[in-house]
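Below: one structure, written as structure tokens.
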Amino acid sequence: MIRACFFTLAILSALWIPSAEALKSDRDQPALIEADEVEMDFSSGRRIYRGNVSVKQGTIRIIANEIELFYEGEQLDKAIAKGNPAVFRQRPDDKPHDVIGQGLTIELDEIRNVVTFIEQAKVRQGGDAISGETIEYDMAKDKMKVRGHTVTTKAPKKTAGNPDSKTARNSQDDSSRPRIVIQPRKNQEAKNSSTKAASDPARSPSQPKAPSTNPSSLTGKTGFQPAYVGKGGATVHASRSQASAVIGKLSHGDPVKVVASDGGWFKVNTPLGVAVWIYGQFVTGSSGTGEVSGNNVRLRSVPSTGKDSVVVGSLNRGTAVRVLQVRGDWKQITPPIDFGFWVPASKINPLEHASADWLGDWQASLRRSGVTD
């Protein structure tokens, strides 16, 4: 008979698993992946690493026979590691011992922030361990769910004659093996920004490029160009493509701030006409003002992680948003005012400067939307 047991960290105090906050420093590090063979399908976003696979990211280590990664654009959605067993380990902040989990299969759900150890599952830290057929750890809620025959024991200490070869083993030092370094998204963006600044010394790295379809530069030190939506309105897209998902509609005469331009597209700030979806457990409240409760939480065009769902950006802990509705596990929100969206440049009429009329219209739009600038 299958039994399901729930433990909070307060109950299982001897077995500590890292929370989402503790993982933050590791997520900011580049990931080094080594394997005997790599298969990449850029059209589907799948990447398969086979043979003595080793993953290193900060204090995180994963050892497996095979790891399959599922990407959407440049962002990881989920990973499936298989081995005999596959092993996951990490050193929590300010802790003396690694947390080590293993199973024949390990599934990492980047969206739900959940790690699941499947078949012959075991999780331990220091001298304490718990085992079961399946162990699911929800890092956002600090909960474990253990299914199957559950045993909690003192894990054996390592001795010179009985090393934990699966978890202590280093990746092979073989230059013929494929080695791939994946930079965290924000580090790569910072690198690109520095490169552009070096090639254009007249422009500060923090100063956005002025819209190319208008001769005027950005207004003073504000970092934006005031503008109005033109006749017929403007559709808001998830990326710089007419084929990308439509995530909103701006009306003729709506005031916007143009903060960047690229290939016939303007990136604008607007308090009106745009709504996106976020996984519900990462936002407080079900209506009105809410607050993001995690770091690097993704925003999506639709309330799912399916093939039609597009990642349009991410928010960090403490960001205030307006919750519009709840649908299942997802919440629809109006993001903060400084969150940029892409619209066709031909639909926007930039101004030379922020006139009194534009400033008045902008403040009125803020009041209507219920957000602050």
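Along the chain as shown, residues are numbered 1 onward.
Cβ atoms here come from the backbone N, Cα and C positions, even for glycine.
Feature annotation from TrEMBL assigns region 'Disordered' to 146-226.
The compositional bias 'Polar residues' feature in TrEMBL is assigned to 204-222.
Across the range of the domain 'SH3b' (224-286), the DSSP-based residue counts are 3 helix, 33 strand, 27 coil. Among the features that TrEMBL reports, domain 'SH3b' is placed at 224-286 (among others).
Positions annotated as domain 'SH3b' by TrEMBL: 287-352 (among others). Across the domain 'SH3b' (287-352), the prediction's mean pLDDT works out to 87.
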Using DSSP, break the domain 'SH3b' (287-352) down into helix, strand and coil residues and give each count.
3 helix, 34 strand, 29 coil
